[in-house]
């Protein structure tokens, strides 16, 4: 059954005559040809054809078994065409999971679930910040600890909080019940992150043990896991800055905007790494059915990468808006108060500080970046209307345009409403959603492997 199936695959290959003649010149059996047959990737499902991987794996296993028989080939005796075909498939496609479709599906689900968990962490972190719960826990342990379980334990934690600048200057009238709410918010945020670490580590160990993860993928995932572990320490480093006395008696206690930006940027980086890797596992080849669509995708690619960077920079600038509480100032649009540009945008010395610490400048920067992002994505959509593109890419560009417009609308609504928790959280989630669309777009417009490119028709054949 297996032999007949592989022979059927070989007959579809355009290079069958070359492979057959090369093996015949070395005295090999015609049946050996099937061991090195390469099937093209399925362009309808946009994922690698499982038959291709099975063919390659079974082919090398069969070659190993032939060493035990009368015919003992070596790599020096393998035909140039077959060897180069295998090498081309291995080097150009660069599959991250080569243990078969079952392993590919399992690892893909795990990575997408991990990315979704990080997404929920970002949302929960936004709620924690907007409810001013982040400074309720005044100590930190890497492994975590049990929450207060008795009234006495709660009083001990409350006494610790009373020593913080936030209680003395902002929450002096807070009672124990109000404290319990903000404590549980921060506790949930921390424990949700630790649960993510366990959820990531256990499947990672299992897949390593089963041999599903190769070296390249293993190194990448280990790096993401280490960054996730460091994220907890970055979070405490951020919180610790808010437990220090403010420089002025009129200043409200808050975390350093630099550390908050580092914490949020690190979370976004982990999410992007997980989501991109998951896409690479389940979609090793981009969706394409003709060379015309490949050329169209190449035109989009030249704009997609700079746009993705612009979206990321805009999101980071939003972290500085949050860190400086800049959303509670200049709650008008499109003007900032009575003017387009406030007078004190460059009042700090040195000038560079204004872009990270000056409330007016930070908000102005975010407005400019957000407007530029929307205009740039709109320009991408407009410029690609007549470009011959795969329907999936065209749909993705339209969805990205819609998400960008929604995100700007959320930002303006949040500002005009004086940053309510609901809109503020939605705006932060919208930033990560827009970044997700940009990741998906950049991943989809990649250039296909040379093997797939050679097999594509010039244009899509219509029935």
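The backbone N, Cα and C atoms fix where each Cβ goes, and this holds for glycine too.
Annotations in TrEMBL come from automatic prediction, not curation.
Listed ranges 303-323, 324-344, 345-365; the one TrEMBL annotates as transmembrane segment is 303-323. Most Cβ pairs within less than 8 Å of the transmembrane segment (425-445), among stretches 107-127, 191-209, 221-239, 303-323, 396-419, belong to 396-419. Looking at 107-127, 259-282, 303-323, 396-419, the range that has the most CB pairs within less than 8 A of the transmembrane segment (221-239) turns out to be 259-282.
Recorded stretches compared: 107-127, 366-384, 396-419; the one with the most Cβ pairs under 8 Å to the transmembrane segment (259-282) is 107-127.
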